[in-house]
Each structure stands twice: as structure tokens, then as C-alpha cells.
Amino acid sequence: MSESALNTAIQAIARGLPLEESVLEGAFDTLLSGEAAPEEVGAFLAGLTVRGETANELIAGARIMRRHGRSVSVEGPLLDTCGTGGLPWKSLNTSTASAIVIAAAGGRVAKHGNRSVPPKTGSADVLEALGLQLELSDTAFKSCLEIAGVGFLFARSYHSAMRHVAPIRHKLGIRTIFNLLGPLSNPAGAEYSVLGVYDKQWVTPMAEALKALGTRCAWVVHGLAGIDEISISGPTDVCEVTPASIRHFQITPSDAGLPSHPLSTLEGGAPEENTAAIRDLLDGREGPFRDIVLINAAAGLHVSGMVADLPAGVQRAAQAIDSGAARETLNTLVRTSRESD
């Protein structure tokens, strides 16, 4: 049935027809089982991209991606801070730095991420440069979470089925639905998240997908300056997701009691540059990177129910940095990742 489901899906996409849930799940199952021919993978992914993916397609894809992935069972509430990537410029690793700060402020963070394509630096690239052991057993991940308050889930280790579509994605050279599915597929099942998207058009569909997938509370965000995180350079579109509703609003840096900074002040580079920026941040350096980390960490603390609003979150995040707790959290995370197992 799965092979015919993929063919059915390709034909429906070509004709502009909606796809039934069973067909969608069968199509994704074929892709991630390695049963699809390269031309079928390309036709399906390119067709969805050209037509524009829907929330239902995101939901079906995430369900099958989770089913094919390796999961880790963790008790208690977990937060993920992640973004879709796909930005046209080299950025600093805001969500990674925010995860460390949130953990230092008392949160529990299951940070899901991957490498990026050079010259950009992904969360895995910068954490490895900071000394983290990326390939962790479930026991080692849990130790990091228990001892440091944050653990890293290396996407390549948990979603090995992606190897079946990776060559075609690379050859296509365009964003595909899998750029959106990764942030929806946290291996630890984090029920809280701050999820950044690279384009405003994905804010609502990703929010609808998170709601359907059982999220307890999340913010899907797009910085209107063109970034997949809460912006310190202008307004940010937000969809707040709870089991009962999806609420749309905008926030600005001033809502968190922070100044604005030009986007150009936040440009990153190679892992060494981004690593230095994180170390400087944790050593107390003030400036644009600190402020964008503060507002994104504040959102994570708020989504997790730890603070009432963004200003309170900024204050708590700043205390975590200025007290040295965030620096110690990073050191503990790195040490634990290397000592476990």
C-alpha cells in the first residue's frame, strides 16, 4: 500500500488535489523506509515545495518521522528551543545559547539540532566546538539532562532514516518539507517549545501542526527582519499554541524591556567565531547577542510556565548569566557528555 500511496500522492500534487491522511502517511513511510526510487523522492518533495506544504502534510510527515526515529523516554516536562534554519545569512547560535541560559535558570531543555552546511554553523557544530560529545546513548543524554539541566539530541543519531532522502534533498538544492519536520520531531517528545521559522508563511501551519501533535505550550516565531527566532531588530510574529487554542500576536524588544539592535550586529560565521560569541556572552559581555539571547530565553521560560511574562523572563535569564550559573551549566554539560557511559 505504501508504494501506491507515494504514487497516488505524486499524482494528486501534480493535479493540485488535497491529500488524504492515509495517503500522506503511506508516502512518507515509503520515503523513510528507503523503498522509493530517487525520481519519486524528488517528484514528491519538489511538488510539495512548489505547491506549498499544508499543516496536514506537516502533521503526517512528523508522525511518520517520529515513528521511524529513535526516541528517548524522559519523565517530566521538557522544553526545546529550535529553528528551521534556512536563513540567507550566517547567524550566531541564538537558540543554542538560549537553551544553556534557560537550563541555568532552572528549566529542563532537550535541545534538538543538527549540523549546518558550511559556511553556516549549526547547533551541533557550535556545541562540538565548545567541547560537547555529540553522539550520546540514551543514558548519557539523561545524565546530561539530570546533572546540567540540558541535553543535546543530535538529529543525525536519532533520525537515521533521513539518509534515504538526504542525497535527493542535496541534489534538489531547495528547501523541502523536511526542513520543517525536524523541529516537529524532538526525540524526547518535548511538550514545550520555542520554534523559529525562516518565513512568515510557516508560522500558522507549524502552530497547527504542534497543536495536533500534542504540544502543551509553544511559541512559533518569525522575526520580521528575516530570522527564525525572536528578533532584537524589530517585530516578531508569534503563534502561541496550547491544547485549547492558537493565539496570534506580535512582540517587539521593548515589550521585554530591551533595546533594539541592527540585524547586521548579529552576523555569525565559522564555529570558532560562534563559539567565541557564546563564551563571551556567558562571561558577561553585554551587547546585541546578549539581548537576543535574553529575549529568546525569556520566551522559553515563559512557555515553560516559569515566569509570568517576558520582562520577568529577561530578568531571570540575566541573573543566570551574571551569576556565572550559565557558564557553569555549559561546563557541566560538556563534562557530563564526555564522562557518561
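Yeah, the Cβs are placed from backbone N, Cα and C, and that goes for glycine too.
Binding of 5-phospho-alpha-D-ribose 1-diphosphate is attributed by Swiss-Prot to Ser91, Asn93, Thr94, Ser95, Thr96, Lys111, His112, Gly113, Asn114, Arg115, Ser123, and within the candidate set Gly83, Gly131 the record adds Gly83 to that site. The Cβ neighbour count for Glu229 (Mg(2+) 1 binding site), using a 10 Å radius and every protein chain shown, is 28.
Calculated from their C-alpha atoms, the gap between Ser95 (5-phospho-alpha-D-ribose 1-diphosphate binding site) and Arg169 (anthranilate 2 binding site) amounts to 25 Å. When the Cα of Arg169 (anthranilate 2 binding site) is compared against those of the binding-site residues Asn93, Lys111, Arg115, Asp228, the shortest separation belongs to Arg115. When the binding-site residues Gly83, Asn93, Arg115 are ranked by how far their Cα is from the Cα of Asp228 (Mg(2+) 2 binding site), Gly83 comes first. The candidate set comprises the binding-site residues Lys111, Arg115, Arg169. Of these, Lys111 has the most other Cβ atoms within 10 Å. According to its DSSP assignment, Arg169 (anthranilate 2 binding site) is helical.
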